[in-house]
Amino acid sequence: MAGGGMVSDKGGARAELYEHKITPYFIFACIVAALGGSLFGYDLGVSGGVTSMDHFLKEFFPKVYRRKQEHLKETDYCKYDNQILTLFTSSLYFAALFSTFFASHVTRNKGRRASILCGAVSFFAGASINAGAQNIAMLIIGRCLLGVGIGFGNQAVPLYLSEMAPAKIRGAVNQLFQLTTCLGIFIANFINNATEKHKWGWRLSLGLATVPALLMFVGGLFLPETPNSLVEQGKLEEGRRILERVRGTKNIEAEFQDLVEASEAAKAIKHPFRNLLKRKNRPQLIIGALGIPAFQQLTGMNSVLFYAPVIFQSLGFGSGASLWSSTITSGTLVLATFISMAFVDRFGRRAFFLEAGIEMIIAMVCVAVTLALKFGQGVELPKGIGIFLVVMICIFVLAYGRSWGPLGWLVPSELFPLETRSAGQSIVVCVNMFFTALVAQCFLVSLCHLRYGIFLLFAGLIVVMSCFIFFLLPETKQVPIEEIHLLWQKHWLWKSYCEPEEEKTGMKPVQVV
């Protein structure tokens, strides 16, 4: 690991010696790797739309279809309360949860690129099966293969982007993953709009998931491995060569030396998962592996993404209007990601988490109060109230899309040292997918029984997670990824868990500005 020194928001012990240029080689590598987000995003967007399509429901869920037709233009919290229907959505995330542990082994021993290729192949197979599904069993099998693909992709892509990126723009580069996720959602909503009236439309919507998987696989064949991974595998000369090409300069000795030292520490760790439980890794475990990925799902955002068409139909919008309303929200999410990419390395991670949290709380409370007064009475929702709800949801999406959405992947990928990075990211994905599946499986039944209270519950959880960030997360902007560990030593709580650098090297304690 890198030695002692001063750590400020502009870097760490050797950070002032790092050099880089933005090269075409670097841009190509990041764009191809970021396509992994489009797999996740396309599925998020397409699954909610498909589960509201009449032809899909009529073929696989006739009871839900009949209930929907009986209350087509009326408000009804319980239109879509069906556990098998929600299992269609959540089965993918349970599969991703288990597959990420296999992905960790591949990512650490074979490299980030190998995991990206495995994810593309599995996702392609799952999309093909779903497109040709003849029964619910085929749908679930296809969804599980999609989940394996997402488990591998979400494990490797954020690591790949964070390791390839120079420290000063790591936030923006890592958020390419979130950007492609949002674009995937946005495109999926347009495809759903175009196909919903056709008998075979749901097959086309599900089958087109093969396109981003194919693009990621073909691009992945030409993708360079990260210098961090190459050094970790003992391929020092190749790692140096790739680092020179990615940084666009021969003056990479300081950064390369940090990678070598981090790799030497990593090789001493034979059981990275067990190492994560050590006292010195408590900050990364609590914040990066458990807290942030769980809270990201407990904001309620993925419920909006999964079921936006279903929610809007439950609110009294017609089928076509509900799909267009969800397209508007996904477009808002894309806009929010561009805002985050532009400013996250300037204003920092904490500022985005906290400011957006306030907006999200206000939006959820407004939605809950409106629904408490005007909703669930079996009557058609007034147009003005419907527009207000769409606006509130868009405000919520805009806040989430520049905070918990992208930063929920960025910050955990920054926090882990190299020796536990693959294992740590596996737990991140595992926790994320567990809570994603849990929320997906429980949201519609909770909407049915808790009614507007579900949105108050989300508002309360956002208060808790904002306090979590305020008290426990130090600012990581522009700090080199191999020197993030130095931040813990001056944190009011975590310094008691982390052995001071002076005890190891005799150097003065790190000062975090």
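Using N, Cα and C of the backbone, Cβ positions are placed for all residues, glycine too.
What you see is a predicted model, and the numbers here were worked out from it, not measured in a lab.
Quick look at what TrEMBL lists:
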- 29-477: domain 'Major facilitator superfamily (MFS) profile' (DOMAIN)
- 22-42: transmembrane segment (TRANSMEM)
- 84-102: transmembrane segment (TRANSMEM)
- 139-161: transmembrane segment (TRANSMEM)
- 173-192: transmembrane segment (TRANSMEM)
- 204-223: transmembrane segment (TRANSMEM)
- 285-311: transmembrane segment (TRANSMEM)
- 323-344: transmembrane segment (TRANSMEM)
- 351-373: transmembrane segment (TRANSMEM)
- 385-405: transmembrane segment (TRANSMEM)
- 426-446: transmembrane segment (TRANSMEM)
- 452-473: transmembrane segment (TRANSMEM)
Counting Cβ pairs closer than 8 Å to the transmembrane segment (385-405), the top stretch among 84-102, 323-344, 426-446 is 323-344
Spatial neighbours of the transmembrane segment (204-223) not adjacent in sequence (6+ beyond its ends, CB under 8 Å) are 28-29, 31-33, 35-36, 38-39, 42-43, 46, 49-50, 53, 113, 116-117, 119-121, 123-124, 126-128, 130-133, 142, 146, 149, 153, 184, 188, 191-192, 195, 198
- Paired segments the transmembrane segment (173-192) and the transmembrane segment (452-473) in contact, 3+ CB pairs under 8 A: no
Review point. Taking 3+ C-beta pairs under 8 angstroms (sequence gap of 6 or more) as contact, is the transmembrane segment (426-446) in contact with the transmembrane segment (84-102)?
Key: yes
Contact set of the transmembrane segment (139-161) with the rest of its chain, CB cutoff 8 A exclusive, min separation 6+ beyond the ends, reads 30, 33-34, 36-37, 39-40, 43, 60, 87-89, 91-100, 102-104, 106-107, 112-113, 115-116, 118-130, 133, 173-174, 176-177, 206, 209, 213, 216, 226, 409-410, 412-413, 421-422, 425-426, 429, 432-433
Sequence-distant residues near the transmembrane segment (22-42) by C-beta distance (under 8 Å, 6 or more away from its ends) are 112, 116, 119-120, 123, 146, 149-150, 153-154, 156-157, 160-161, 164-165, 173, 176-188, 208-209, 212-213, 215-216, 219-220, 222-224, 245-248
Outside the transmembrane segment (452-473), at least 6 residues beyond either end, the same-chain residues with a Cβ under 8 Å of its Cβ set are 283, 286-287, 291, 295, 298-300, 303, 349-350, 353-354, 357-358, 360-361, 364-365, 367-369, 371-372, 375-376, 404, 411, 443, 446, 493-494
The predicted model's mean pLDDT over the domain 'Major facilitator superfamily (MFS) profile' (29-477) is 87
